[in-house]
Number of protein chains: 2
Amino acid sequence: MKKSKPTILVVNDDGITAPGIKALMDAMAEIGRVVVVAPDSPQSGMGHAITIGKPLRLDQVDIYEGMEMYRCSGTPVDCVKLAVNKIFKGKKPDLCVSGINHGLNNSINILYSGTMSAAVEGAIESIPSIGFSLDDYTLQADFSHCIKYVKELAQQVLDNGLPTATLLNVNFPAGAHIKGIKICRQANAKWAEEFDERMDPHKRPYYWLTGVFQMNDNGEETDVWALEHHYVSVVPVQFDMTAHHAIPVLNSWEFKV
Amino acid sequence: MKKSKPTILVVNDDGITAPGIKALMDAMAEIGRVVVVAPDSPQSGMGHAITIGKPLRLDQVDIYEGMEMYRCSGTPVDCVKLAVNKIFKGKKPDLCVSGINHGLNNSINILYSGTMSAAVEGAIESIPSIGFSLDDYTLQADFSHCIKYVKELAQQVLDNGLPTATLLNVNFPAGAHIKGIKICRQANAKWAEEFDERMDPHKRPYYWLTGVFQMNDNGEETDVWALEHHYVSVVPVQFDMTAHHAIPVLNSWEFKV
């Protein structure tokens, strides 16, 4: 005997008009009752930012027929907080899904990603949460090959739940030739920055942040490896950032204060 | 035989004119050569946000005599990236310190904190990094009782280094009665949001993010416990967010795709 239709909160960081969130809300509508709360403008790279110095707007909008949607003036994390507090009013949704992001959020990108931070915030609120991202930055990105995996992973999380205080970071390779799902760890990698320095018309310099992804990990159990080998990467994520293994090291220090 | 004076990057999220960063740069000037790179305006709650949709400004400023200082138009993480790339030009500093933040960044606050995210970015750049925060939000905060601990912790990190891919999250109780330093784990806690809803003059609602800190952890080895008991809390932090213990759980799922 099945329980009633689950309620699913859909968020993203590319903004409420992005094709990626349309693909995600349509997929989720096949599984449950969908409520969309998304930023009114692109918020890529916002990480876990919240809005504390200015007030927020939250307005219901009618973009796609039959879809309950709200646009928010804040960050992706603000969207989740407002959804829980002002829309669900304490009766939490059964699932929070974020994305589908235009661009990968594997490896170290999880820290910079508004998409993943929204999913992390869902997990902090004890809502089973998943972030989805595709290896295609363009607004023309084709999400169609992701949909069956998105639905399967959402259903598995609804059926099985997730270990306490964890969420999923799911990344898709571009193109249709997917070999399957791989459970992975976050690859050890970073961005090597290369600021593009330019001069404004007033002869003052300004800088565009660019960079090269620098892989420092040969492991075959990483998300980077999985994506390079045409798997969907699934990394279980936690928000306890304690380096537990470092506690005994620090306890061996002799403080002179 | 001592090696030459260490180079110390000082950053924060409260902005370049905050008293907390003045206290920190003065303390660090007793240990090494200081370079300050800080946001030109308050960036509290910016988390690990980076600026990708607009260009950045970085200008040397002459605020305090004899201090090498730069103000940046971006986020705390942008400050670290620009410092490494445009000021140090690849020759990394020996230490990155962030703060002293006006307000605690213990427990779950690490995720929202620009102060801590700047220190995390330093660690991603393989620079030994420490974030410092004081339990006093006001601009009148008194940092004087923190200074001997700040210097001792900075010196210990310079002397001993830190375990690979870790950094320190250091929080101070307000007031002078400190019992000592405690190595801790991040307490399991969250913010229970309470959005303050108001009406603008045009009868449209807007929301101020507020909240109550909700402690879900009775452990005596947490940062929250240490601070409540007048200790300086020191949490070793990592930026591998993989929930390694959840990997076998997910591997037991049978995917139907």
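From the backbone N, Cα and C atoms, a Cβ is placed for every residue, glycine too.
The following features are taken from TrEMBL:
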{"type": "DOMAIN", "residues": "B:8-192", "note": "domain 'Survival protein SurE-like phosphatase/nucleotidase'"}
{"type": "BINDING", "residues": "B:D13, B:D14, B:S44, B:N101", "note": "divalent metal cation binding site"}
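Contacting chain A by the Cβ rule (under 8 Å between Cβ atoms), the binding-site residues B:D13, B:D14, B:S44, B:N101 reduce to B:S44. With all protein chains in the displayed structure included, the most crowded Cβ environment within 10 Å among the binding-site residues B:S44, B:N101 is that of B:N101. Sequence-distant neighbours of B:D13 (divalent metal cation binding site) (same chain, six or more apart, CB under 8 Å from its CB) are B:P39, B:P42, B:Q43, B:S44, B:M46, B:P76, B:S98, B:N101, B:S113, B:G114, B:T115, B:S117, B:A118, listed in sequence order. Secondary structure at B:S44 (divalent metal cation binding site), as computed by DSSP, is coil. Report note: the divalent metal cation site is defined by B:D13, B:D14, B:S44, B:N101, and the residues of the same chain whose CB lies within 8 Å of the CB centroid of those residues, excluding them, are B:N12, B:G15, B:A18, B:G20, B:P42, B:Q43, B:P76, B:G99, B:H102, B:G103, B:S113, B:G114, B:T115. Mapped onto three states, the DSSP output places B:N101 (divalent metal cation binding site) in strand.
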